[in-house]
Amino acid sequence: MGSTTTYFDWFVTYPLLIKVRVQEGVEDSGKYPIVVSTWPFLEAVRAAWEAVDKGFNAVDAVVEGCSACEELRCDGTVGPGGSPDENGETTIDALLMNGATMEVGAVASMRYVKDGIKAARLVMQHTKHTMLVGERASIFAISMGLPGPTNLSSSESMEKWTRWKENNCQPNFRKNVVPVDSCGPYQPKDNLGHNKGICSEANSIGTIESRTCLVGPRSHDTISMAVIDKMGHVAVGTSTNGATFKISGRVGDGPIAGSAAYADDGVGACGATGDGDVMMRFLPCYQVVESMRQGMEPELAAKDAISRIARKFPDFMGAVVAINKDGVHAGACHGWTFQYSVRSPDMDDVKVFTVLP
């Protein structure tokens, strides 16, 4: 009878070879760590990079990066002091997702607490829930040690709100209501066939007309960050103070897993920014990650997700950035020019990539 080589024989004879094969593509790959973020939020990416380069895991590095953006009030749309709602109040949406365990923590429409991403981590680490909202999210965050209650408004946000009120609360997010050109109080419009003066209405072919009177690059600059750590584990996080002059209580796509961010260790990650009310209906980041799972390259996956939205909302503004587990990244956008930031081992500092619509 002929001899049969077993796994044990190989292990005894070639232990070094077995060890190298197990580690291949993880610690010794040279691809990791890597940090990717929407927009040129350079200091946020540097903070995340410094953490992950020191050996922090992906989740903690995302928290470091998003926290830096909250403290800096990036573009006035992250952290406290920006994007007042109809009542002049600033609230926070944030999300944190662990791509290794698929755990998610999120807060939405959170009042009185400025540390959105840290509150999201507390939800993930200390509850069996996925999301907490409103004032109850604030009470939870403060009870778990975050500072508060704090007035999240600023002189700049209140001045912006005052000017908006003086302009008869225009533009706003109301539709099919009367009056259309004042600050209310509003009532449902009886005759929906005369829908004049409203930013968005469906046309006969099923697409939605322009929302650009409400949405712009400085009203929806969510930070959505992805980190792959030295072990190849993936995490994502988001933070935003939402849409300017939103109806009080509105929750955008920022805290929605699969919309503004999604991660899976076996595939990669995605971050999104833009008109969250539209984008959350399509779960673009879930779509991107699932497309990459099926073998699609990040650039094609990103373009495909954006095109699905644009077919129904041809005037929407939004973007996604995708990164696969090999560290290949790409972005896609519609309605505006998009920029995203990257830091990887082969870079001396953060690099900004520009994507045209």
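Keep in mind that glycine also has a Cβ here, set from the backbone N, Cα and C atoms.
Since the structure is predicted, the reported quantities are computational estimates derived from the model, not experimental observations.
In TrEMBL this protein carries:
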type     : residues                                                       : note
ACT_SITE : Thr222                                                         : active site, nucleophile
BINDING  : Arg250, Val251, Gly252, Asp253, Thr273, Gly274, Asp275, Gly276 : substrate binding site
Inset, instruction - Write down the Cα-Cα distance for Thr222 (active site, nucleophile) and Thr273 (substrate binding site), rounded and given in Å. - result: 5
Legend entry - Gly274 (substrate binding site), number of other Cβ atoms within 10 Å: 29
Legend entry - Nonlocal neighbours by CB distance (under 8 Å) for the residue listed as 'active site, nucleophile', same chain, sequence gap 6 or more: Thr38, Thr77, Val78, Thr238, Ser239, Thr240, Gly252, Asp253, Gly254, Ala260, Ala272, Thr273, Gly274, Gly276
Inset, instruction - Write out the long-range same-chain contacts of Arg250 (substrate binding site), meaning residues 6 or more apart in sequence whose Cβ is under 8 Å from its Cβ. - result: Asp85, Ser109, Phe173, Gly242, Ala243, Asp277
